[in-house]
Amino acid sequence: MSCRGPGCPHLSPNGYEACAEAAAWLKARLREPPRVALVCGSGLGALAQELSEPQAFDYADIPHFPRSTVQGHAGRLVVGRLGSAPCAVLQGRFHLYEGYSPAQVVVPVRTLALAGVHTLVLTNAAGSLRPHLGPGHLLVIRDHIDLPGLAGRSPLVGPNDERFGPRFPAMTDAYDPALWRLALALAPKELRAQPGVYVGVGGPSYETPAECRLACPGRVPTPAFPPGMSTVSEASAARHLGLRVLGLSLITNSAPGDDDGPHPATPTGHEEVLLAAQEGARHLRALLVALAPKLDEPGRSRTRPDAP
């Protein structure tokens, strides 16, 4: 059996065969293949409770899946129906700060695409760099800044496998405009949803005030720039695969440097992030249920063959 931990040498930079094997393993056990996948951020794993007729698989049992090592990430794949949409919910994701390579971080996304998924919803818990965006609010991602990717830490670095996608994928409209506009329209008023740009950082340390000012110079009212330690690698891999992508950031804390606003920053710890995420998850679940019928529409996704 191949290893699962950070630095595992058995997953190639492309990893098509490994992901195809994992997809075939899942399809052999599922009553119905998923068409929508939802990645749960820290403290948001309860979103799987919205699925009907669920089938659950531990990551440890799925070939070539890494293991989740972070509190608040259960490390399970739950497949069922979200409304009428066949959906896979990933209760936990993988991060660069755990020691995983970018290619390992996106193994679940690539596996589920090969299993039939055409739409990916990425949720995360993030800090706020804007005075009008406070804990409990929702940032609907319309674009991102991939700081690790700009430094060469991308799942697309290395030899390209055309079975995943083209050598130079376009990232214009990386987050599907129809989906993020619909999410804004359907979001419960308690979430005070607004569009913005997500800043992907490496972690695991939270941002310093100077780093926040670098990410968001001038701190003008719009657009919102929440920093977080996930999502950007998964979004890049998903667009490489031709998937539609929707990104949702639940704001759990005010990042350093926001002391002049109505939501002053306080020292942030993972426990506080988990608590804030749990409090906002109920409204986020309501939004995803409302979105479900539209999530199951393939839209502009690139037609691709299933894994063998």
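Just so it is clear, glycine is given a Cβ too, placed from its N, Cα and C backbone atoms.
Features as listed in TrEMBL:
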DOMAIN    35-291  domain 'Nucleoside phosphorylase'
BINDING   Ser42, His73, Arg93, Phe94, His95, Ala125, Ser230  phosphate binding site
BINDING   Glu207, Asn253  purine D-ribonucleoside binding site
Validating a neighbour-count step here. Other CB atoms within 10 A of the CB of Asn253 (purine D-ribonucleoside binding site): how many?
23
Would you kindly give the Cα-Cα distance separating Ser230 (phosphate binding site) and Asn253 (purine D-ribonucleoside binding site), rounded to the nearest Å?
16
Phe94 (phosphate binding site) to Glu207 (purine D-ribonucleoside binding site): how many Å between their Cα atoms?
19
Using a 10 Å radius around each Cβ and counting other Cβ atoms from all shown chains, which of the binding-site residues Arg93, His95 yields the largest count?
Arg93
Using the alpha carbons only, what distance in Å do you get between Arg93 (phosphate binding site) and Glu207 (purine D-ribonucleoside binding site) once rounded?
20
